[in-house]
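Shown next, in structure tokens, is the structure this report addresses.
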Amino acid sequence: MANSTTQTASQPPKKKRVYLYEVDLMRVIFIFGVLANHATSTVTTPMTAQSGPWYIMLGTHLILHFTRMGFMFVSGLVLFLGHYNKNRNWPQFWYKRYKGSGIPYLVWNGVFLLDTAWVTGAAITPSSWFHQWIDAVLHADQFYMYYLLVMFQLYLIFPILVWFLHKLGSLRNHLILLVISGGIQLAFLAWAKYVFPYISHAGWPYMFANYGNFIGSYQFYFLGGAITAIHYKQVVEFLQSRAKWIYSITALLAVGTFGLFYFNMFILKLDRHYVELIHQPYLGVYSSFMVITTFLVSLEYAKRRTLPHWRWFSNFVSLSSKISFGVYLLQSVALTGLIGILDVLNLTDWQLIAAIPFAYIFALGSTWLLSYFCYKVPPFGILIGRPNFSLKQTYRKLFRKEATAND
């Protein structure tokens, strides 16, 4: 009793954390958007360059370039919601986070390398596979694994971020920091588009030469998620009071992506990679407003999710949110299959455009089902960050059954 009294006096009572259902829908929108982005890119690749359909696909593709930044925002939001005001045990935090993301990262890099060798018919030995696997793990330059490498960096510096934001303290100071961060982000995006492609990167550290894998390239979105989490009520009230303006600006910026395509393709005469580059100043502004708009839409969903005619949708969103990490990890399987199907069908450019809905349904549907399988069938849950099997629990169950039988 004395220990209990001492603990109560020395520690504030723990508040039960409110579950934010809006985060579920944000995750779903962003992961479904990622699959739309990658599926349409896969359909565009076989097209004849500079044909009408090819220009249509490239011209509409930039409108999808907000999902990556959305993931970064949600990652910062969720981490700070869960750990900013929590009794912090950083070794335990690192262990849990690196285990949850690290096991899928290591396993799927290895599996996808074998799959690639099988699909392409390339000869592979245990030694060559191991060296390729080490390279893939170190550089995260295959199978869309860059996101996990960025997250590993965020986990590493997360305690410093928590300490720093606590030191700043007030909403005013946090907003000043966010404005500075936004200015740095825009300057970086201008450099990435207008300077980086035209200078030598020989001898640069890997993370700087491949800045898409570096956490600093996304610092504004992580910080935006963090500050939203810390001052959640104030941020929500501010955004909702200006929702109509935000929706209008977002719509105008979305239309403006067609102008950005024209500017990149016909004025600057960039190649496809730089026409579609996600790291551009305009897309930095556009993606920020798209993330805010997605947040507002998700808040409206959270208000309605318990209504009778919304329940089927809310159940789908809840489940899809749980397996969203698996959908991201396993997308390479579906996209590889899609490439094979398109190769066999040998469609014309206009037929490829007509096939886009089917390509997207195949890519998303098959990836979703694979992730759901892992989620439901032990022990595969650990491969999508959702462990569903425990040796200790299995042993205890067996031991108890045996003890009961002996009794």
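Glycine is treated like the rest: Cβ placed from N, Cα and C.
Feature list (source: TrEMBL):
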- 18-36: transmembrane segment (TRANSMEM)
- 21-371: domain 'Acyltransferase 3' (DOMAIN)
- 56-82: transmembrane segment (TRANSMEM)
- 103-124: transmembrane segment (TRANSMEM)
- 144-163: transmembrane segment (TRANSMEM)
- 175-194: transmembrane segment (TRANSMEM)
- 214-232: transmembrane segment (TRANSMEM)
- 244-263: transmembrane segment (TRANSMEM)
- 283-302: transmembrane segment (TRANSMEM)
- 323-342: transmembrane segment (TRANSMEM)
- 354-375: transmembrane segment (TRANSMEM)
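Here the transmembrane segment (144-163) touches the transmembrane segment (214-232). Their Cβ atoms form 3 or more pairs under 8 Å, with each pair 6 or more residues apart. Using a Cβ-Cβ cut-off under 8 Å and counting only residues 6 or more beyond its ends in the same chain, the transmembrane segment (18-36) has close neighbours at 64, 66-68, 70-71, 74, 77-78, 81, 294-295, 297-299, 301-302, 305, 314, 317-318, 320-321, 324, 327-328, 331, 334, 360, 363-364, 367. Here the transmembrane segment (56-82) sits apart from the transmembrane segment (175-194); fewer than 3 CB pairs are under 8 Å, leaving out pairs fewer than 6 apart in sequence. Counting C-beta pairs under 8 angstroms (sequence separation of 6 or more), the transmembrane segment (323-342) fails to reach the transmembrane segment (283-302), with fewer than 3 such pairs. Here the transmembrane segment (214-232) lies next to the transmembrane segment (175-194) in space: the count of CB pairs under 8 Å, restricted to residues six or more apart, reaches at least 3. Here the transmembrane segment (283-302) touches the transmembrane segment (175-194). Their Cβ atoms form 3 or more pairs under 8 Å, with each pair 6 or more residues apart.
Non-local neighbours of the transmembrane segment (103-124) in the same chain are 132-133, 136-137, 142-143, 145, 148, 325, 329-330, 332-333, 336, 340, 382-385; each lies 6+ residues outside the stretch with a CB under 8 Å from one of its CB atoms.
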